[in-house]
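Everything on this sheet refers to the single structure shown next.
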């Protein structure tokens, strides 16, 4: 009886565990798991196809092949359950045990586990202090190792060859010492290790040693020893006596048709191990010669190696078709391994896919689902309903009925589908908006209909894209789909908080057309009392859609147009008429939807979006816009411009021929001229295409007026519907400069445009760019996907998990200014953040925002009006939450427009927001057809505001003609208004001519400074006579005759002589060195390699004149290609190729004696006004680099002293975490800004926080850390608090910046790390440490098949029960509301009467 009860017992819940531990398996453990030993390599009998006894598929060990049936057929069926057949020894039980029962192989000699032998650093070698090479010699039976030296002079662990051993035996006698070879010897040595003692000795050695290399070596060994000590693993378990055999159904043998068998590679690998093991056993029994046994042992070791990790050592074992066999490690590794193929990505049932087409009359929350698809997807629900309604009595008859597609079935399908959302997904799903929920509407045909407004989120178009449909089954799933994933709940983009549901293309065109005004249109100037009158007049054809009229709206007379009044009918009243009383292009429409969302909430916005969609399509159709050839107006002045440019270019060629400029400068100037002319032609063309004159009658008189053009091409670009000024330029202006495949710009531009047609040569030049674009796209898509994967992996466990961490720390944030221009105003950067302290008005002192209040739109306005320049806010970077992040530090959830909720997976959102545009950008390179777009190099400064000039830190020299020249590189020109408030500040480049005086009043647009953008000059501060020093023809300087010009140029070259320091000195008439006025040092100027000397020996020179100039490199086009790798480089925290040295301290620059081809730069700090040479820092900079500081300059800590990007690790060391974070955020933003992509700073901050999670221990104090160990910050702080509370010494650490790959691999969770990269390495490390994974991140829970600990899967919601009410047949209120508003619509859903916003209820 008891058996029966057990049979119906619920199986244990496989998910009821909280953590997973991984450790080494001891031989006893393996035997304990095993159900029997596999002794024979046979698999199945070729005649009966039954498994061989004791073979790899043996039924006695692994269980029966058929359910409840023993192998010989004596016992069959359930009644014999649990009996063991006395004939064939098979237990009568379900056959599925063959998926879980293990066997084992007892080895004749211990072998090393290859992971612990070869996975660097070798753990076995580390513990025994033997190099990997020597260890392999022992294991693969090539030399002997001394186990016990006894009285001989040998060392324990020393390797000796066979000859030497025999010699020693002769000297000292047979049993004077013990040696061993192969696995037994290594196992002996591991067994004799005392880990406790080893640990203590190593700690002592580390304290006593002085050599850094030794300390590192001890630390490495100590790490492994500690791991064994703490985890309870025994070192000898790294050697295997017993090998587990995995269940046969996991390495199946499948009969193919034609009598052949397909088998898993593991069976082959196991067979080799068993064969060799059996042979070794036999040889040992026969007492075979040592050399044969040794060879067999080596072969056994190799066979076991291949089974665990084929190809890791020696030759890869291949199958009959020369394909490497897949070992146990390969089953886990890589994209096709267990982790990524089956655990992180699974196929989903109840899903279908089809091509998508546009559904212009769908509502925003709907999608069109083909009937045949719906019938298949909702089958179980239909069967249930058919039975419930009494159409059928059994599931079988329901099936038949559905197959026949009887009319009742369709009625029931309608019923089933109502209010049952489905998920639509378009691959690649780059961010969470790539999967959204919709309510299905049944349609005929086979294509899914998609709402046009959600295309932007899915990045879908209708050129053959396919989408997948998934059905959420449970009530909870349907609820989540409706509440969280419904398209109507995803109006804002999580990346930047701006609406993502904005009209595009035709819709924009239609709305733009209807809000434009046309001069002399029918009914112009009429006055109406209400919008209803305008509608009536328009319906009766009395007024033109674009006529300018006056209408009373909300009690005020408004000058407007008919079209705008008609648009007003569909806009919520709260938005106000002024928001739409203008020409609405794409940007304004986005603004309108944003405004509507902020003022009236989600529901109204959805209704507005749908109505704007209908109006847009309707009016775009009515407008009848088309393109004709003559719409591409070629500017009349084009030829004139081209002639002028050619003249300029030939002048520059002449200058080059006369030797006034170098070839590089000539190239740069030519490119600049053409870039400028292309711009001019484009401007001229835009002017002609964008304005038109029109004549008409007004009060009986003919008159002519100018108005914005109705040229269709212009309309499309101006409205933002399609195309850009740049594309129009190529159609009707000139194509302009093109780039070579290498990225350089070809200096002859394409002067033709597409309307005129290109010549063969021009066409050929333009194919370069196009092809490069396509090739780039293919490569970059992969790169971008990989970047996203790394970002997700590093940030997956950043979850909002507490409300307030209580930190007192935050960041100062100001407007982002570059080149005097405000790129991002303060308001945009602080919107949605939380204030750290009270923010006070600087003038009145009133509180604008209280501490811990969210800075919303209203407060941003107040802060901006108060004129503050920076605000202290809370940030993810300074959040003190241990794991995860707190609500207050994160601030606003961008996709919802309110504070973030606990449980939001902000890390993944951040990763998607950064990764998604990466892919977008990569896919959008080729749209401009490779045309090189370079803005003419900036070479001057103009002010934008009136005010007076102040110089800040600017050192100048007056030239003989009275102009000032800037002599330092960190000077700035500041413009202040009358009250002394700073309006703008500009950095002045070294060597610039300054054209304004200090204190001068200037109007806007005055030229304040100008410089040569193509060369960096070296100027003299004093006048005198030039003398060359160490400038020797052919050694440090080459004088090259320019063939073209016949003139010579002196260029400084790298000298073979390390002592040579080419320099120019300035002397007085008597030949004495002059002193520099700023630093009292002698006036000698060192010339960097590659500089061109412009003065001759013995010339007289005046202050501010150029001694030499360094040409800037030829400019390449900026393209996100520079972008993606740059972003990856920043997130990986790599040292840039030519990293700029940055100053570690504040001080004064001087140059020392050069060494080995490097220049010595010295920074001397000043203490109380005097220079302390004892504290000076020295830097060696290779001669080829261009140093941007000059002798006597003052530098601040963290300032770059040469061209190039800074190394983030240096910034962290010198300036600390906040500055580093600011640098990373700004640099990443810079790349995206170039592409016009908006990402909120907090996303990048979230990733940077994950990169800065760890500390490197520099001094261990009395803690258990090791020197140079990397630990999580909070672990470090906790340990220190504990130690200090006991009155001991705390550890000291320095913050550590890890690249995203490194950070992912060093997470707490080994499951997450091993599924990311380097699977074997991570698992080896984890096993030795006996690591426990507490399943805190998202990834490890997905792998274990549990709910993720975020969102609705938070532990606190685990025991919530959902009460399900029976559904009532109420009509969706929103439907009703919309039916009311769209009552009788005109064609294409244009409302034909005024529509208020009298909608009620909520969906």
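Any Cβ shown, glycine's included, is placed from N, Cα and C.
Keep in mind it's a predicted model, so treat the numbers as computed, not measured.
Residues or ranges marked as Zn(2+) 1 binding site by Swiss-Prot: 70, 72, 85, 88. What Swiss-Prot lists as Mg(2+) binding site is 461, 463, 465. Feature annotation from Swiss-Prot assigns region 'Disordered' to 687-708, 1381-1403. Sequence annotations record features per position, and here Swiss-Prot assigns compositional bias 'Basic and acidic residues' to 695-706.
Shown on the structure are the features that Swiss-Prot records.
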residue : record                : DSSP (3 states)
70      : Zn(2+) 1 binding site : coil
85      : Zn(2+) 1 binding site : coil
461     : Mg(2+) binding site   : coil
Spatially closest candidate among 461, 463, 465, the listed binding-site residues, to residue 88 (Zn(2+) 1 binding site) (Cα to Cα): 465
Remote residues contacting the region 'Disordered' (687-708) - C-beta distance under 8 A, at least 6 residues beyond either end: 516-520, 633, 635-636, 714, 718, 728, 732
Nearest recorded site to residue 461 (Mg(2+) binding site) by CA-CA distance, among binding-site residues 70, 72, 85: 70
Largest tally of Cβ atoms lying within 10 Å of a Cβ, found at which of the binding-site residues 461, 463, 465: 465
Sparsest Cβ surroundings (other CB atoms within 10 Å) among the binding-site residues 72, 88: 72
Winner by Cβ contact number (other Cβ atoms within 10 Å) across the binding-site residues 70, 85: 70
Shell list (Mg(2+); ref centroid = CB of 461, 463, 465; cutoff 8 A): 356, 460, 462, 464
Between residue 72 (Zn(2+) 1 binding site) and residue 463 (Mg(2+) binding site), the C-alpha gap once rounded to whole angstrom: 62
Between residue 465 (Mg(2+) binding site) and residue 85 (Zn(2+) 1 binding site), the C-alpha gap once rounded to whole angstrom: 60
Number of helical, extended and coil residues in the region 'Disordered' (687-708), per DSSP: 4 helix, 16 strand, 2 coil
Near-site residues: Zn(2+) 1, ref 70, 72, 85, 88, CB cutoff 8 A to centroid: 59, 71, 73, 74, 75, 87, 89, 90
Cα-Cα distance linking residue 463 (Mg(2+) binding site) and residue 85 (Zn(2+) 1 binding site), given in Å to the nearest integer: 65
